[in-house]
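Worksheet for the structure shown next.
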Amino acid sequence: MSEPKNQQATLSSDAAEVRAQKLAILREKIGDVYPAHFHRTMTNAELAEKYEGLEPDTETADEVTVAGRVYSSRNSGMFIDLRDASGKIQIFSHKDTTPEEARELLPLIDLGDIIGVTGKVRRTKRGELTINAETITMLTKSLLPMPEKWHGVSDIELRYRKRHLDIMTNEESKLRFLQRSKILSGVRRFMEGEGFLEVETPMLQTIYGGATADPFKTFHNTLKMDMYLRIAPELYLKRTLVSGLSDKVFEVNRNFRNEGVSTRHNPEFTMMECYWAYADYEDIMGLVERMLETLALSLYGTTEVAFGDKVLNFKGPFKRVAMPDAVKEATGIDFLAIKTDEEARAAAKAAGFEVEKDWTWGECLAFIFEEKVEGTLIQPSHVTHFPKDISPFAKEVPGEPRLVERFESYCNAWEIANAFSELNDPEEQRRRMVEQLEQAHARGEKDKQLDDEFLDAIDQGMPPAGGLGVGIDRLIMLLTNAPSIRDVILFPARRNKVD
RNA sequence: GAGAGCGUAGCUCAGCCGGUAGAGCAACUGACUUUUAAUCAGUAGGUCAUGGGUUCGAAUCCCAUCGCUCUCACCA
């Protein structure tokens with residue numbers, strides 16, 4: 001709708017009004033409803049662990065202080081389930097054990113409020129670890145109702161727009177974001193274990209490059225110039241490699257691409273890129289295998305990971321297949337026997353593929369690969385020997401100059417990694433970048449410029465190296481059984497909505 | 001960008017061969033009191049996304065707009 005509705009509308013619902021009234025009463029009664037200082041003696045999980053062996057129907061003299069959000073309330077507040085990030089604890093308030101002053105607060109406490117409780121620990125005869133409340137401290141009054149307690153928030157739009165409600169009420173969602181953090185730190189730990197140094201390179205760039213994608217453009221006021229959010233860190237990481245700071249560098253950070261949004265694409269996404277001097281693309285294959293295996297093991301204790309109705313096995317070594325071989329097997333077309341672009345197009349056309357009339361041999365090969373092979377690559381596998389035409393930063397395969405030492409790792413038919421033996425011949429690099437630039441300009445991409453600073457660094461001499469990029473969000477999807485990239489990004493890109 | 005589908009109470013959902021809006025949870029009032037989605041009785045809550053049209057009558061049919069989802073395209 002074009003006219004924004006009054007924001008007050010959401011607050012005027014009964015539940016919210018009642019909460020506002022309760023807040024006013026609380027302010028009158030206890031003063032500060034949002035106190036700055038409160039210290040718990042332990043988390044709910046620590047409490048559960050400490051008293052794991054406490055028998056049912058047993059009281060202790062141990063006094064503890066806990067804090068958390070009220071998730072449910074039974075018997076008019078006599079039983080309250082309090083949750084902090086670590087877990088749940090039951091609070092018991094009864095006239096025999098809880099002073100009048102604390103019990104007076106109970107009618108003013110709503111689901112979703114954050115409270116602190118001090119009292120003695122016991123386990124009820126039903127086996128529930130419980131604190132007999134002696135003091136109750138209001139820490140935060142919630143002015144909005146909690147989502148339905150049994151189903152949580154299931155409206156997909158709400159789950160993405162109000163992620164706090166999603167995580168608050170959906171255990172699966174909470175777990176997935178915990179796993180995301182674990183995977184991210186796992187990637188860093190793995191790379192450091194392999195001897196890589198984490199570095200940070202610019203996200204704001206004056207010349208964008210390192211991939212083919214539309215950038216986000218912005219403007220620097222003081223420098224008075226256009227800048228771009230990076231589409232890849234590649235060129236800066238290579239300049240770092242030239243420096244000799246480390247022979248193994250990596251970066252985990254956001255890339256930005258001004259393109260389509262889908263279940264597998266978010267305009268900003270997390271990429272891990274690394275460059276390894278004196279290594280080649282085959283060394284990188286081993287690195288990818290070790291990394292995925294390590295991550296799966298750290299999450300599940302096994303390399304077998306459920307995804308939808310499939311089971312993905314990340315145990316290395318992965319299957320390896322050269323792109324021309326894969327295409328030959330799938331279609332019978334032997335690209336290595338085809339000499340010219342024209343013959344390649346004719347062969348593709350004869351096999352029923354619609355090819356553009358200016359496509360090269362390599363473009364035809366890659367197209368047929370995507371059409372016929374990509375979708376079959378369910379278990380983790382490496383596809384090697386890419387056409388040079390679509391790989392401006394990779395070294396030629398000795399004896400077959402139309403192919404390069406490049407591989408992409410696939411899983412569940414998605415590309416999850418892209419790696420090459422990095423081109424370090426300055427003259428060849430310049431030729432290919434000029435060619436790429438001309439193609440970009442021909443496409444109407446007029447902002448694309450030649451990165452002279454990068455070429456200058458390559459002129460200085462970059463050691464032979466293997467390089468790798470891993471799409472971390474997709475990797476997380478695979479490792480956490482998430483059907484959409486929005487399920488693994490806390491706040492995925494949304495259209496603005498005024499309601 | 002194209003196609004298909006969806007949008008009903010704070011939340012989860014019924015109702016959709018057109019006859020004037022319903023349940024559960026949450027809320028409120030009361031009862032009960034060692035519960036585990038507590039229970040019982042009652043109350044309140046909706047411009048059925050928005051705007052138009054067809055009709056005696058529209059949540060329901062049609063059109064447009066907004067938002068979302070999926071598929072495709074672009075792209076990894």
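Residue numbering: from 1, along the chain as shown.
Even glycines carry a Cβ here, placed using N, Cα and C.
A 10 Å cutoff on Cβ-Cβ distances gives A:Glu408 (Mg(2+) 1 binding site) a total of 20 other Cβ atoms nearby, all chains included. The secondary structure of A:Glu408 (Mg(2+) 1 binding site), as reduced to three states from DSSP, is extended strand. As annotated by TrEMBL, Mg(2+) 1 binding site applies to A:Glu408, A:Glu415.
In sequence order, A:Glu374, A:Glu408, A:Ser409, A:Gly471, A:Arg474 make up the list of same-chain residues 6 or more apart from A:Glu415 (Mg(2+) 1 binding site) whose Cβ falls under 8 Å from its Cβ. Look at TrEMBL and you will find A:Glu415 tagged as Mg(2+) 2 binding site.
The domain 'Aminoacyl-transfer RNA synthetases class-II family profile' feature in TrEMBL is assigned to A:177-492.
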